[in-house]
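Undergrad: Below are the structure tokens for one structure; questions will follow.
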Amino acid sequence: MNQNFSSMIDRYKYQQLRIGSVSPQQISAWANKILPNGEIVGEVTKPYTFHYKTNKPEKDGLFCERISGPIKSGICACGNYRVIGDEKEGPKFCEQCGVESVDSRIRRYQMGYIKLACPVTHVWYLKRLPSYIANLLDKPLKELEGLVYCDFSFARPIAKKPTFLRLRGSFEYEIQSRKYSIPLFFTTQGFDTFRNREISTGASAIREQLADPDLRIIMDRSLVEWKELGEEGSTGNAWEDRKIGRRKDFLVKRMELAKHFLRTNVEPERMVLCLLPVLPPELRPIIQIDGGKPMSSDINELYRRVIYRNNTLTDPLTTSRSTPGELVLCQEKLVQEAVDTLLDNGIRGQPMRDGHNKVYKSFSDVIEGKEGRFRETLLGKRVDYSGRSVIVVGPSLSLHRCGLPREIAIELFQTFVIRGLIRQRVASNIGIAKSKIREKEPIVWEILQEVMRGHPVLLNRAPTLHRLGIQAFQPIIGEGRAICLHPLVRKGFNADFDGDQMAVHVPLSLEAQTEARLLMFSHMNLLSPAIGDPISVPTQDMLIGLYVLTIGNHRGICANRYNPCNYRNYQNETVDDNNYQYTKEKEPHFCSSYDALGAYRQKRINLYSPLWLRWRLDQRVIASREVPIEVQYESLGTYHEIYGHYQIVRSIKKEILCIYIRTTIGHISFYREIEEAVQGFCRAYSYGT
């Protein structure tokens, strides 16, 4: 096992993953390994995978066992078996085939590399927006693309010597003899010396330009230019002002990019590749489907294309010195395009397709998007002690509670229930405990409720865009197959009760449970973390419900007193009681809200029936300048002053005996809920102080 790479992915030592450009030396250190016989392996030089007769990996190919390790643990390519880790069996190495006797899992992380015959620009840094190479060099992207793909060249700064650009320009203006003699020079052996000395093209030209400038000088010059543009002010021309604004934004991005390279100690020339890493074989497998037909990952075919073209370029550079320069440039362009297709198929236009007109999946297609390696496998992987279901409204729940279906609850807390069954000696072992859970015995639900009483759960709704996307709740067993939520927590999750799903997780460690209780409970996250406004406010269904609850008695006594339609709200019988008087002709009078709610439960009045409720002697209820609508006198001398929404009972001496307010059962219910909530808050506050 490569110690450098294994230490890099040690999950106990490292708790983060950083993605960035890597130097050729680091790629070589990850991929190269020294065999016991002193041979260094790691470079993939052949575009082959498996031999068609023996069905074994080809030597120095994409699945070579010498580079990536054995396919079967302890078995080399010859078929000999050696016990892994047994020193008595001799060296863990087959001298005949050169394969180490190690665990086959090494093929999941042992890399290889391809030594490119020419530098290749990384297409992510060139074509992706923003183009880091174009920003750093302060050159148009189209010009850099033409340079990378060998469409034109630039002259190296050599004084008093002809340059390639001057010679190409002289073709149109020089005499006819020189027009035909100079191109012949480019097919001679002397052209190589001239080309390497005076002209530069392809990715090597980009690499030279990236390695040349000082990043601190780039930052200083960009800052000076930005200040000069800022001092100029408005030109009066809208188009020129927008152009200056775009230039200033570009300079800011350029300074940030140069600062990033300095801070991370990354050399800009790493954006041009000299060594191309080869993924471990297990991450790009070849499998056999029904009928023995092999099915390969698209990455393998793209790697083969790169190796074919790279070898085609390597042969004339190493064996023949009479190869025309234009042919070499053309082959370098093909290598660049092959690597582009491997990294990001289709970024330069039409994507590469197979024989069935199917687009090959490149590195970018494998790792990006919802089904990519990061979001699906690393970030969105399935975890234990978690479930998922549709959310519905639980209006009777407290703000910090949620209702879990029985199926989800028993599955999430199964291990805790098993421990409880064994502790209470209901079951003697795990097997018997599981059988009792499957049979759904009553004792199981009792233990489950006891376990859930002291264990919070986490609810998460994707996408988790802010911290309120994950909140903690105290679970209770609910009926049905959906997760019940208080409607006030809907806004924090940005959820709707129209089929949205939520995931539920069980925090296992004591630290996680403490964090859930102290920081993540829903009743402790009532304010928006972004702007500080209340986020647990009634919306949608709750507002409609409150409106319907209090819709009665909104036009006063004058609109309803003599309206025959209101008579259907009253019963035909006369009820005489000490607490209230109820007749067909009169609106009922109640001494307390409990009496009114009792009459509603007995269906003597409905939710919207106007009634008179005795109220405390509060002068704020009485409007001093209001004139009574009607005054009713009784035989004992007392009289009632009836106003729009209240009435005052006075004695003969005009003293106020009592006050009645005109309301409905809906208003009473709403008021009592608010009153109980305020009293509960005051009690909690007094206990806390």
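Sequential numbering from 1, following the chain as shown.
Using the three backbone atoms N, Cα and C, a Cβ is placed for every residue, glycine included.
As annotated by Swiss-Prot, Zn(2+) binding site applies to Cys76, Cys78, Cys94, Cys97. Taken from Swiss-Prot, the feature Mg(2+) binding site applies to Asp496, Asp498, Asp500, supported by sequence analysis.
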Undergrad: Can you figure out which of Asp496, Asp498, Asp500 (the binding-site residues) comes closest in space to Cys94 (Zn(2+) binding site), comparing Cα atoms?
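TA: So, spelling it out, the nearest of the binding-site residues is Asp500.
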Undergrad: Where Cys76 (Zn(2+) binding site) and Asp500 (Mg(2+) binding site) are concerned, what is their Cα separation in Å, rounded?
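TA: Distance between the two Cα atoms comes out at 53 Å.
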Undergrad: Counting other Cβ atoms within 10 Å of each Cβ, which of the binding-site residues Asp496, Asp498, Asp500 scores lowest?
TA: Asp498
Undergrad: In sequence order, what residues of the same chain, 6+ apart, have a Cβ less than 8 Å from the Cβ of Cys97 (Zn(2+) binding site)?
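TA: Correct list: Glu65, Arg66, Cys76, Ala77, Cys78.
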Undergrad: When neighbour density is defined as the number of other C-beta atoms within 10 angstroms of a residue's C-beta, which of the binding-site residues Cys76, Cys78, Cys94 has the lowest density?
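TA: Taking Cys76, Cys78, Cys94 as the binding-site residues, the minimal 10 Å Cβ count falls on Cys78.
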Undergrad: Near the Zn(2+) site, what residues other than Cys76, Cys78, Cys94, Cys97 in the same chain have a C-beta no further than 8 Å from the centroid of the listed C-beta atoms?
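TA: For the Zn(2+) site, the extra neighbours are Ala77, Gly79, Asn80, Gln96, Gly98, Val99.
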Undergrad: With the Mg(2+) site defined by Asp496, Asp498, Asp500, which remaining residues of that chain have Cβ atoms positioned within 8 Å of the Cβ centroid?
TA: Ile391, Ala495, Phe497, Gly499
Undergrad: Could you check what DSSP calls Cys78 (Zn(2+) binding site) once collapsed to helix, strand or coil?
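TA: For Cys78 (Zn(2+) binding site) - judged by DSSP and reduced to three states - the answer is coil.
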Undergrad: Helix, strand or coil: which one is Cys97 (Zn(2+) binding site) in, per DSSP?
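TA: DSSP call for Cys97 (Zn(2+) binding site): coil, neither helix nor strand.
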